[in-house]
Structures are given as C-alpha cells and as structure tokens.
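A.B. asks: One structure, as structure tokens, below. Some questions next.
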Ligand code: IPE
Ligand code: IPE
Ligand code: MG
C-alpha cells in the first residue's frame, strides 16, 4: 500500500534558498485539513487520506526541526471530530497509536520533544498510554517541541482554564485581582509556549475551526488550496517566506 501512496503523492523537494534564517517563526500551528478530499479524488477510502496525511507530518516535522522552529502544533483531532462515523474516529485513533509507536525512536534521535494539547482523558486508553510513553521518552530533548492537538477545541480549553481559575479562587490560592491576560494564558494547555507566530491552513477552507482561539490573537494567517497529503516542505517554506514579508505591528505603528 505504501508504494501506491508514494506514487500518488507529488514528491516535491524543497529548496530553502532565500529564507531568512534569522527570522524563522518560533511557533508554527497547522490545521491539517483535506485528507478526506484527497482520498475521495482518488476513489480511496477516507482513512487512506489520513494515512497519506501522516506521511506529510513526517516530512514537515523534519523540515521544521532543520529550520530551527521551536514549537510545531498540529491540529490532529478536534472536539467536534467526534461527530464523524465511529469507523473513521477509530481509524484516526489507531493511526495515532501506530504513528507514535513507529516514530518515537526517530523523533527522539532528532531531539524532538513530543507533547499534546487538548483533553486526552477522553481518548482511548491505548492512545493515552502511547502519548505518555512518547512524552516520557523525549522529555529531555532540547529541539523542536511537537504538540499534537487531540480532542482539542479552543473553547473547551478556555472553559477548562476558567474552571481551574475559579477552583483556585475558591480555595484561596488565587486572588480575583490577580486575574490578567498572562494568568489566563498560564491556565491554558499551551501555558509553557509562546503564542503561534504563523498559522497555516491547507485545503482551501478559510476558517479557524475552533483552533487556538486565545493564542492566535496576533498570529499571521496563511491559507492554501493544497490538500494536506499533498502539502510538502516547499509549501511550508513558501509560508515562512510570506510570513517574513509581513509587517507585524501588534497594533502599534512603525
Ligand atoms: C483533516 O482532514 C483530518 C482530520 C480532521 C482528522 P479531513 O478528514 O477533515 O479531510 P476533509 O476536510 O474531509 O477533506
Ligand atoms: C479541523 O478540520 C480539525 C482538524 C484538522 C483536526 P475539520 O475538517 O474538522 O474542520 P471543518 O469541519 O472543516 O471546520
Ligand atoms: Mg476537514
């Protein structure tokens, strides 16, 4: 099956000429979308699209590592994706386990730290176990942090943060006057990371779909019609080059 996928995917080697290595986004977030449509166009089951999408993850993680990106957050399963047929949800969960099992050693060798955001307590226990294992194995690495967003929704994350803030206020650990934007950020799943500088969404959809709602306040947005399984390092590098042309003013003037 692997050879079919390789044959179907456009192999596109990247050239990172004229990329400004002193202005690489610290944190890149990607909404990995379009797997289903990629498969449908080839008369393949949707799950084959997800499988092809995993190949893209491999390539993009490698390229981000090489470029010195510090955080890569990949939207892999949203709080809304539970609405999909049970077979597809199961296939995605199995693919996650397969990916972690198959990839952790290589990622570890490449100094990648594996992490997640989202409420993983609702995932099958096998997924939770593999995530915890992968995080443990890679915890002392110092390279790219790969955040998998799993059962993640921006609104759910904010809700969970609010519940914990209220709890801490009630228990006297926190004073209402101490609640500011920084404190709220520290109660989110992304507490130990900077906000994304660049948000990429392939597949032609021009929406956020509940991803990192709080954190993308000042992210640069980059959209493309390419479906995720066809997304290559070349597209990533184009996104970074475009990002480098943007004038980030953060509400100020230059
Ligand atoms: C993204 O691809 C993967 C997940 C949401 C898990 P889709 O499965 O949403 O693909 P399309 O949007 O139907 O093409
Ligand atoms: C967003 O894609 C979620 C992930 C990529 C995991 P969807 O395909 O679920 O989003 P919508 O339904 O098009 O907004
Ligand atoms: Mg989709």
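Even glycines carry a Cβ here, placed using N, Cα and C.
Got these off TrEMBL a minute ago, pasting:
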type     : residues                                   : note
BINDING  : 33, 220                                    : Mg(2+) binding site
ACT_SITE : 33                                         : active site
BINDING  : 34-38, 46, 50, 78-80, 82, 84, 201, 207-209 : substrate binding site
ACT_SITE : 81                                         : active site, proton acceptor
A.B. asks: Mind running the binding-site residues 33, 38, 82 against ligand 3 and keeping the ones whose CB falls under 6 Å of it?
C.D. replies: 33
A.B. asks: I'd like the Cβ neighbour count for residue 79 (substrate binding site), meaning other Cβ atoms within 10 Å of its Cβ, all protein chains included.
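C.D. replies: Other Cβ atoms found within 10 Å: 19.
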A.B. asks: Among 33, 38, 79, 220, the binding-site residues in the record, which have a C-beta under 6 A from ligand 2?
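C.D. replies: Among the binding-site residues listed, those whose Cβ sits under 6 Å from ligand 2 are 33.
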A.B. asks: Distance check, please: Cα of residue 38 (substrate binding site) against Cα of residue 81 (active site, proton acceptor), rounded to an integer number of angstrom.
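C.D. replies: That comes out at 18 Å between the alpha carbons.
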A.B. asks: Quick test of your reading of the structure: among the binding-site residues 82, 201, 220, whose CB sits under 6 A from ligand 1?
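C.D. replies: Within range of ligand 1: none.
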A.B. asks: On the three-state reduction of DSSP, what should I expect for residue 36 (substrate binding site)?
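C.D. replies: It is helical.
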A.B. asks: Can you count the other CB atoms that lie within 10 A of the CB of residue 36 (substrate binding site)?
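C.D. replies: Looking across every protein chain shown, the total is 20.
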A.B. asks: Suppose we draw a 10 Å sphere around the Cβ of residue 38 (substrate binding site). How many other Cβ atoms does it contain, all chains included?
C.D. replies: 26
A.B. asks: Within its own chain, what residues at least 6 apart in sequence put their Cβ under 8 Å from the Cβ of residue 33 (Mg(2+) binding site), listed in sequence order?
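C.D. replies: Expected: 75, 201, 202, 203, 205, 209, 227, 228.
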